[in-house]
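So the structure is just underneath, and the comments pick up after that.
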Amino acid sequence: MALIPSQVLRVAILLSYFSILCHYKALDMPAHQTYGGSWKFLTFIDLVIQAVFFGLCVLIDVSSLLTKGADSREQERQLKKLIGLRDWMMAVLAFPVGAFVVFTFWTLYLYDRELVYPKLLDNFIPQWLNHGMHTTVLPFIIIEMRTTHHSYPRRSWGLAAVCLFGVGYILWTCWVHQVTGVWVYPVLERITPLARVAFFSAMTAVICIMYVLGEILNGYIWDHTHTEVKCDTDPEGRPGVRKLSRREVQNRAAASKPLVAAAEDDQRDVWRVKDQHTLTHTDTHSHTH
């Protein structure tokens, strides 16, 4: 049994994102006053994605609790739609975008922080908020992946959706530059136009890699540590099958051993009686002749 129920974890993570977003929006930064506001930064877009995703997770938890035991096909159908949307968001947005933000930010930061997070920003953004935006995103999404099974779409469709998001953000960044004459990130100011094309292409490839890594990690967690069993409903109210952890499987196997042994003993007794009956019948037949 988990020390903290997954439903409680999701509520806590959602509240933390609300807190981060409120503190971020309250910052008096010049960049927030220019064209595009906070929406020109991928970090802010990612925070909104994560907040919406975990809000959807909490909504599903509440809906599952309220409809538990209810025999309503319409409620079941609506819940399945929410679960499908949640799984799609996890696969296409929450994990790849979150992992991309953490990976690219800290890679560029360690190489030369002036390329992505100039030291001037320390006067506006406290360290805890910086880590809330660029560090805790990844462990939070991995916790969700570890506690809840998510169905991934076909890889080609998933990659197409991720690429569409990446290209859309690149076009948005270029449009902001067209309007303001300033690139969103300092690294784009320091490289040539050809290098920018290569940079954007590399970043698109990286976010696609993050999608594939998320799919592989999700498969590893649930294919190697869990198994499916038939049941009336799963923990979220879906009929059909539910996932059992390896420990649950071992416990079930251990519990079934005495029953199997008893069944084998009963079977041996049946054969013993049959053998005795056969011998008696044979002896009787011999004496008769």
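Glycine is no exception: its Cβ is also placed from the backbone N, Cα and C atoms.
These figures come from a predicted structure and were not determined experimentally.
Feature annotations, courtesy of TrEMBL:
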- 7-27: transmembrane segment (TRANSMEM)
- 47-67: transmembrane segment (TRANSMEM)
- 88-108: transmembrane segment (TRANSMEM)
- 128-145: transmembrane segment (TRANSMEM)
- 157-178: transmembrane segment (TRANSMEM)
- 198-217: transmembrane segment (TRANSMEM)
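When Cβ-Cβ distances under 8 Å to the transmembrane segment (157-178) are tallied for each of 7-27, 47-67, 128-145, 198-217, the top count falls to 198-217. Of the ranges 7-27, 47-67, 198-217, the one with the most Cβ pairs under 8 Å to the transmembrane segment (128-145) is 7-27. Listed by sequence, the residues of this chain that lie at least six past the ends of the transmembrane segment (47-67) yet keep a Cβ under 8 A from its Cβ atoms are 7, 10-11, 13-14, 17-18, 20-21, 24, 75-76, 78-79, 82-83, 85-86, 89-90, 93-94, 97-98, 133, 137, 140-141, 144, 148, 235-237.
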